[in-house]
Amino acid sequence: MKKWFAVIGNPISHSLSPEMHETWLKQMNVDATYIPIHVELDHLEQAVESLKLLGCSGWNVTVPFKEAIIPYLDEVDDSAKGIGAVNTVVKTLDNKYVGYNTDGLGFINSLGRLLPEYNILIIGAGGAARGIAHALKKQGFTHLTIANRTVEKARVLAEELKAGQAVTLEVAENTLSKFDVIVQTTPLGMKNSDASLPIQLHQLKENAIVADIVYNPLVTPLIEEAKKYNVRTINGLGMLVHQGALAFSYWNGVNPDTDGMIQQLIDQLGGNYVNR
Ligand code: ATR
């Protein structure tokens, strides 16, 4: 039977995943299709049962169902258990549906080679920050600092990780020269949101890496500011593509082309895509 994959979410029409996966399926000669499915907020359980019943080969899960889907799956992998959120569901050979989280590792893969001794500053302590922080710890990065507007939430995350410390945004800004990698996970800079910077970059270390998980616009105010310091900047498109590539490899057993996909999306979305 032809395989089929899906992404469920609400809203879902603007998701870039169908196009990304369809392109990869063609490139890798996999006889399958990938479709977006809009799920009503109170119909998640029925939707999951239907996907199982119809033999879906695997699916992605996006906002707002990443946490809520967990009780409806047969098993949850460690990558998703610690974070409490699933973004990829894989059908096993014995027809079980297992939840994974590829967001954090996808983000790390998008950064390229990192040294384990790097000091990493994570700005934000919400769901996205948790996913990235847990994945970083699992990959052996232990010099983690979480900075958040509500510092208590950063403290809770640092304690949960048993690695790293919590600071205020102000302290992060004033001690920025300590950090090799800065990871921006708040919605600041996202289209239609506050365009201010979470922290100023005056004390940015030479050769630091500044990564923003936001990809609409492609050049966020933070990335724009970081470029003035001639450091390496990475936007959220890398995370989107690399989390998708991991899901693709779990489903199909082969690794798709990530660099080509990032370039395809940049070409298609234009310099600063907003109106989608
Ligand atoms: P997500 O799942 O996308 O991470 P979230 O769980 O709602 O979203 O978390 C949003 C994060 O962005 C939080 O760390 C939040 O800070 P608070 O814990 O203080 O709310 C941060 N955030 C949102 N708006 C912000 C703003 N205007 N300035 C600074 N931080 C902000």
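Note that Cβ sites are derived from N, Cα and C of the backbone, with glycine treated the same way.
The following features are taken from TrEMBL:
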type: ACT_SITE; residues: Lys66; note: active site, proton acceptor
type: BINDING; residues: Ser15, Leu16, Ser17, Thr62, Asn87, Asp103, Tyr215, Gln243; note: shikimate binding site
type: BINDING; residues: Asp78, Gly124, Ala125, Gly126, Gly127, Ala128, Asn148, Arg149, Thr150, Val151, Glu152, Lys153, Ile213, Gly236; note: NADP(+) binding site
type: DOMAIN; residues: 7-89; note: domain 'Shikimate dehydrogenase substrate binding N-terminal'
type: DOMAIN; residues: 117-235; note: domain 'Quinate/shikimate 5-dehydrogenase/glutamyl-tRNA reductase'
type: DOMAIN; residues: 236-265; note: domain 'SDH C-terminal'
| field | Tally of residues which DSSP labels helix, strand or coil - the domain 'Quinate/shikimate 5-dehydrogenase/glutamyl-tRNA reductase' (117-235) | value | 39 helix, 22 strand, 58 coil
| said: DSSP-wise, what's the residue breakdown of the domain 'SDH C-terminal' (236-265) into helix, strand and coil? | reply: 24 helix, 0 strand, 6 coil
| task | Just give the helix, strand and coil counts over the domain 'Shikimate dehydrogenase substrate binding N-terminal' (7-89), going by DSSP. | result | 31 helix, 18 strand, 34 coil
| request: Measuring CA to CA, name the entry from the recorded positions Lys66, Gly127, Thr150, Glu152 that ends up nearest Leu16 (shikimate binding site). | output: Lys66
| query | Just how spread out is the shikimate site if you go by the largest Cα to Cα distance in Å among Ser15, Leu16, Ser17, Thr62, Asn87, Asp103, Tyr215, Gln243? | reply | 18
| request: Round to the nearest Å and give the CA-to-CA distance linking Ser15 (shikimate binding site) with Ile213 (NADP(+) binding site). | output: 15
| request: Express the distance between the Cα positions of Thr150 (NADP(+) binding site) and Lys66 (active site, proton acceptor) as a whole number of Å. | output: 23
| Reported as an integer number of Å, what is the Cα distance between Ile213 (NADP(+) binding site) and Lys66 (active site, proton acceptor)? | 17
| message | So if I measure Cβ to Cβ from Gly127 (NADP(+) binding site) and keep only same-chain residues at least 6 apart in sequence, which ones fall under 8 Å? | response | Lys66, Glu67, Ile83, Ala85
| message | Return the average pLDDT for the domain 'Shikimate dehydrogenase substrate binding N-terminal' (7-89) as a whole number. | response | 97
